[in-house]
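Listed in TrEMBL:
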type: TRANSMEM; residues: 17-38; note: transmembrane segment
type: ACT_SITE; residues: GLU174; note: active site, proton acceptor
type: BINDING; residues: GLY205, ALA206, SER207, THR208, GLN209; note: ATP binding site
type: TRANSMEM; residues: 398-418; note: transmembrane segment
type: TRANSMEM; residues: 463-489; note: transmembrane segment
Amino acid sequence: PPPLSEMKEKNPWHTPATIIITVIFVIAIVALVTVAVLQNKPLPPKYKYGIVLDAGSSHTALYIYEWPAEKDNNTGRVEQTHSCKVKGPGISSYASSPLKAGESLKVCLQEAEQWVPNKRHQETPLYLGATAGMRLLNMENSLASDQVFQAVAATLQKSPFSFQGARILSGQEEGAYGWVTVNYLDDRLTQVCGLETTGALDLGGASTQISFVSSSYDGSESPSNSVSFRLYGNNYNLYTHSFLCYGKDQVLRLALAHLSQSGQSTVEDPCFHPNFTESKNYSVLYDSPCVSDRKPHGAPVAFTHKGTGNFSLCQQVLKNVFNFSHCPYSQCSFNGVFQPDLQGTFGAFSAYYFVMNFLNLTDTAIPLETVKEKLATYCSTPWPQITQQHKDVKLKYLAEYCFSGTYILTLLTEGYNFNSDSYSNIRFIKKIKGSDAGWTLGYMLNLTNMIPAEAPDTPPLPYAGYVSIVTIIALVLVIIFALCLYRFWPRCPKQPQII
Ligand SMILES: Nc1nc2c(ncn2[C@@H]2O[C@H](COP(=O)(O)OP(=O)(O)OP(=O)(O)O)[C@@H](O)[C@H]2O)c(=O)[nH]1
Ligand SMILES: [Ca+2]
């Protein structure tokens, strides 16, 4: 037999060739895995920003949105990072001192400077959109509304952001952008072959919007109520209407105007709690284009607004603010406005949410009849008891929840024709995934071209998936190679046993 040392040398695993090949493989695997891991490590995110000011009738709010810089016209989520409520009333209330409208925005603009990184300030678009309050002021006194816009624009121009203009949104825009926001946040637009969309219900102080897609409606019956979109490769034919003067503050005026037609000095109001009394001025009540033509002649300066707390009577009063007497179309909601059949689910936000949330009635699984009973009980509760129970709530808000809740139910059922079944399709919402429901996000997405008409082309695999698959295939090849090496390498014959 050969000497033992010779036999050792013949072990194929110990030949220089095997050792070199093995070392190269180990290095290759380590290198491959290192590259995959390093490449796959998330880069520090770079964000872009956009700012929208919602100049509503009752107040102005500033919203800051951010999105990953690499993905602006992709499906990369745009998110609200901050919001700031401007102190004081809406800009339309500054008609007689327009400069103050501009001043009022400064605190929130300064706050925005803190939230957007300095190096992004210059490239961050800043928009201001005004809604029903400015629509009404513009109707009433267009010079005053122009002056308010001048003052507001002057302030926004001075900010470090890229000011893109301040304007009044049309009612269609307000409704349509609210719908875009809700469906964008709900991820309903990017689905291939269209998931059913969600309708949008917005209740403001001076106007209210309803927007939804109904398969029975092609837009031809009432073109002024239809908006067509092509988003992510899907076509949408949206029905939308904005009812000016049907926001909750203006409806309160309409209802009080209805109750005070004789110009009496005490106005009994079933929509306010028993024992609630407040002195109000006739000229203040009628100082709005929504009611100005109804001012009773020879009324005293002031009247006492006295609550009686009766839900059914309140519903009767509120039904009277709608006109059902004429409909020039196949079907209408109210005031001769066309409305197709309701379809699908609805997101109801702004005052719909504030009010129903306070009343603990956001759960629409509660039958409509029960909701009415609970509201009836709430309305009949005397005012002193209500104030005792809710010491932390602003008195102005607190006084109006019975009225507002009753208006919401009357608007939904009598106005828009929701019934006890379709009522359960409504979701009362404030935010979706951290962003407020409202028209501002949809407005910004549109103006920054962030929703493409066509679905973006996406690679068949995401980057991480691609790297992982390459690594796995490489590892499998290496294992197969090693197994072959082990199986087919010439081995030395079995050593004879020396006995
Ligand atoms: N209870 C309660 N009411 C609120 C709150 N914020 C606003 N409101 C009231 O709810 C109503 C609607 O508010 P918004 O949705 O801000 O209305 P807006 O945008 O100013 O008005 P529009 O221009 O008509 O859209 C107004 O009567 C507000 O006074 C809140 O936090 N709680
Ligand atoms: Ca609003």
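Sequential numbering from 1, following the chain as shown.
Cβ atoms here come from the backbone N, Cα and C positions, even for glycine.
Overlay of TrEMBL annotations on the structure.
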{"residue": "GLU174", "record": "active site, proton acceptor", "Cβ within 10 Å": "30"}
{"residue": "GLY205", "record": "ATP binding site", "Cβ within 10 Å": "22"}
{"residue": "ALA206", "record": "ATP binding site", "Cβ within 10 Å": "28"}
{"residue": "SER207", "record": "ATP binding site", "Cβ within 10 Å": "25"}
{"residue": "THR208", "record": "ATP binding site", "Cβ within 10 Å": "31"}
{"residue": "GLN209", "record": "ATP binding site", "Cβ within 10 Å": "28"}
Rounded distance in angstrom between the Cα atoms of ALA206 (ATP binding site) and the residue listed as 'active site, proton acceptor': 13
Recorded positions close to ligand 1 - of GLU174, GLY205, ALA206, SER207, THR208, only those whose C-beta is under 6 Å away: GLY205, ALA206, SER207
Assigned conformation of SER207 (ATP binding site) - DSSP reduced to three states: strand
Cβ within 8 Å of the mean position of the Cβ atoms of GLY205, ALA206, SER207, THR208, GLN209: remaining residues of the chain near ATP: SER57, THR131, ALA132, ASP202, LEU203, GLY204, SER242, PHE243, LEU244, TYR246, GLY247, LYS248, GLN250
Pairwise CA distance, GLY205 (ATP binding site) versus GLU174 (active site, proton acceptor), rounded so that it is a whole Å: 14
Pairwise Cα distance for SER207 (ATP binding site)/GLU174 (active site, proton acceptor) [Å, integer]: 10
Rounded distance in angstrom between the Cα atoms of GLN209 (ATP binding site) and GLU174 (active site, proton acceptor): 8
